[in-house]
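Remarks on the structure that follows.
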Amino acid sequence: MVRITEDLIRRRAEHNDCLILSLEEVTLHQQDIEKIEHIDRWCRDLRILYLQNNLIPRIENLGRLKKLEYLNLALNNIEVIENLEGCESLQKLDLTVNFVGLLSSVESLKANIHLRELFLVGNPCTEFEGYRQFVVAALPQIKWLDGTEVSRSERIRAAQGLEEVRRRVGEQEEAYLRRRAQEKEEAQRNSVKEENQENPENLELDEEQREREFWNTPCSFSPESRLQAHHHLQEKRRRRTKEEKDEDKKRFSTSGSSGSSDVDIHPTFVRVLVKGKVFQVVLPAEVKPDGSTAQRSQTTGHLVLTMPRVRTPLDLTECFYLRRLEVDPSKRSIVPPEPPRTGEFSEGFVDDPDVPPLV
């Protein structure tokens, strides 16, 4: 069951800098929400609220939204129109494709004096004889019903025969309630039957066969059948996600065996031997084999090679540290200075006092 949380509303309030107290419009459609809660306390200034295409069975916890003007509850499981008397500014209400069968519940909207548009298309009550006449007479403030404008003459005719229409609507509601009770009993029996049939043999059936059996089985269009279809799709997604995770774990475990691989790192290339097959890569720069490491990830199974370069053009850290060779001489080697050259003058040498000495 998906709940309406503060984090969910904040993520939907990005257009308002994630501030929910001053929020005027929020969209919570297609979230699989099964209950309306917290909105009337956290977002008092709401004017537009979208809750279509969820699994909401009841209208509740909206009475404090005094500024609410538009409420969209289409494609839900609502059966009764109720708890909207506190929405004083409500102008438009959309209940398209729900399960409203109590047509008399529309009279609870009399307190919403600003209501101008009402949508009930796709509900069981729209099939009642005298449906439109009853709604137009019960709600004199509305101007549009199911997208069709209510004229003044239509309103006058609807008010004239209201008592007779009310009687016929009451009879049809009783027949509908009896049919709904049978649908609930049938849905309960089917759920118990499915629980009893869940055994290891049935679980081993082909998934496509189970899908065909589920979607080809005839059923009545009711809130219970809609919930059943939703739970079926949810369970299918959960099962598929689990199979993908198991497949990933299996792939990682089979390829993560360190005993079947051999890594040989050279200064200019790397050679990896995996299950008798050689994989060799030429390196773009010279590396240090003695400082390299090879590790396999326990999570993904990837083989990670870490190979430091011999020297990089922009590596300035090596300038501040003394690097020692692997074979260090025990003594310093000093080149002895050569002694000054001394020689005798030649026999024909004549010392000229006018010539200064060369040194």
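Every residue gets a Cβ built from N, Cα and C, even glycine.
Helix, strand and coil counts under DSSP for the domain 'U2A'/phosphoprotein 32 family A C-terminal' (128-146) come to 8 helix, 2 strand, 9 coil. TrEMBL lists 128-146 with the feature domain 'U2A'/phosphoprotein 32 family A C-terminal'.
Taken from TrEMBL, the feature compositional bias 'Basic and acidic residues' applies to 180-196 (among others).
Annotated region 'Disordered' per TrEMBL: 180-264 (among others), in sequence order.
Annotation comment: TrEMBL describes 197-208 (among others) as compositional bias 'Acidic residues'.
Residue counts for the compositional bias 'Basic residues' (228-240) under DSSP, helix first, then strand, then coil, are 13 helix, 0 strand, 0 coil. Taken from TrEMBL, the feature compositional bias 'Basic residues' covers 228-240.
Feature annotation from TrEMBL assigns compositional bias 'Basic and acidic residues' to 241-251 (among others).
TrEMBL lists 331-359 (among others) with the feature region 'Disordered'.
Each residue of the compositional bias 'Acidic residues' (349-359) gets a DSSP state, and the totals for helix, strand and coil are 0 helix, 0 strand, 11 coil. Positions annotated as compositional bias 'Acidic residues' by TrEMBL: 349-359 (among others).
For the domain 'U2A'/phosphoprotein 32 family A C-terminal' (128-146), the model gives a mean pLDDT of 95.
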